[in-house]
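Engineer: Pasting the feature list from TrEMBL:
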DNA_BIND  29-72  DNA-binding region
COMPBIAS  301-315  compositional bias 'Polar residues'
DOMAIN    27-71  domain 'Homeobox'
REGION    284-327  region 'Disordered'
TRANSMEM  83-103  transmembrane segment
TRANSMEM  123-142  transmembrane segment
TRANSMEM  207-226  transmembrane segment
TRANSMEM  246-271  transmembrane segment
Amino acid sequence: RFIARPCAINLGIQDSGPHRAQPNAILEKVFTSITKSPDGKRLEGLSKQLDWDVRKIQRWFRHRRNQDKPTTLTKFCESMWRFTFYLSIFFYGIRFLWTAPWFWDTRQCWYNYPFQPLTSRLYYYYILELAFYWSLMFSQFTDIKRKDFLIMFVHHLATIGLITFSYMNNMVRVGTLVLCLHDASDFLLEAAKLANYAKYQRLCDAFFMLFGVVFIVTRLGIYPFWILNTTLFESWELIGPYPSWWLFNGLLITLQILHIIWSYLIIRIAYKALVRGKVSKDDRSDVESSSEEEDVTSNSTKGVFSTSSNGSNRINGHVASGQWVEE
């Protein structure tokens, strides 16, 4: 409110949303009481009742659905808050772990387990991360429902379960490694969103490409060969199988499956950007295009995140706020 909003206004971001649907009592009643996405039969009936073309009615419903979506200014403020948190907690984690012996030798995570001291810095690191992911869990039900709602819900459940479970079982050393690793790429995605909302296209593309590289390296490289290696094999060797071993590693493997899904989406976006010079619709877009005709004007715009004329939230428009890779 006091920092992000003034920054957005100084960057020329207006507090204006998508094109609003023209007032129509009949269509509004259908939208609020019956369906937000009428089928073909209902469209035909409305067309005869209003003497409107079917495509005009479809366009009205698209505009009506989109007008309740947050404005670019709102999304900028949300992304700036998340960027601030991710960046701050990442550097806090790096600074804390840099002097921790288990950061350089993962076998240290299991020496003298479970009799390992819980320092105040480690405690606050855990509490801050847990509080943040709980906030993401709750806000997911009040934010716009996106296509990856279920995947993000599973991700938040697995993350909260891991943080809580590792804290209760004093597996905080390996837990800090997991947390820091996940924070390494998240702030880069939020930075790409901020640049996109401010219409700094080249900066946005650079941040996104950097995010993609860091995400894939950390989630498909470091995570399985560093984190999963110590939780699956080194822990088994040093302290043997323990009752919670299966649950703990099951949650970590669940995260790895989600990493693979998101990495595939990122690679596909990058591939389309390289081959076509632009990218088609974001698979988790929360705002629809207004019409095929309106989208023609954006076809000549290049870049990974080129803003369409109707301000829609797309990979070639705005990155969907709340991050389709927000861990």
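Note: Cβ is positioned from N, Cα and C throughout, glycine not excepted.
Automated prediction, rather than curation, is the source of TrEMBL annotations.
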Engineer: Should anything in the same chain at least six residues away from the transmembrane segment (207-226) have a Cβ under 8 Å from its Cβ atoms, list it; otherwise answer none.
Structural biologist: 106, 177-178, 181-182, 184-185, 188-189, 191-192, 195, 255-256, 259-260, 262-263, 266-267, 269-270, 304-305, 319, 325
Engineer: Would the transmembrane segment (83-103) count as touching the transmembrane segment (123-142), i.e. at least 3 C-beta pairs under 8 angstroms with sequence separation of 6+?
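Structural biologist: Yes, the transmembrane segment (123-142) contacts the transmembrane segment (83-103).
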Engineer: Go ahead and report the DSSP secondary structure tallies for the domain 'Homeobox' (27-71): helix first, then strand, then coil.
Structural biologist: 31 helix, 0 strand, 14 coil
Engineer: Which whole-number mean pLDDT does the model give the DNA-binding region (29-72)?
Structural biologist: 80
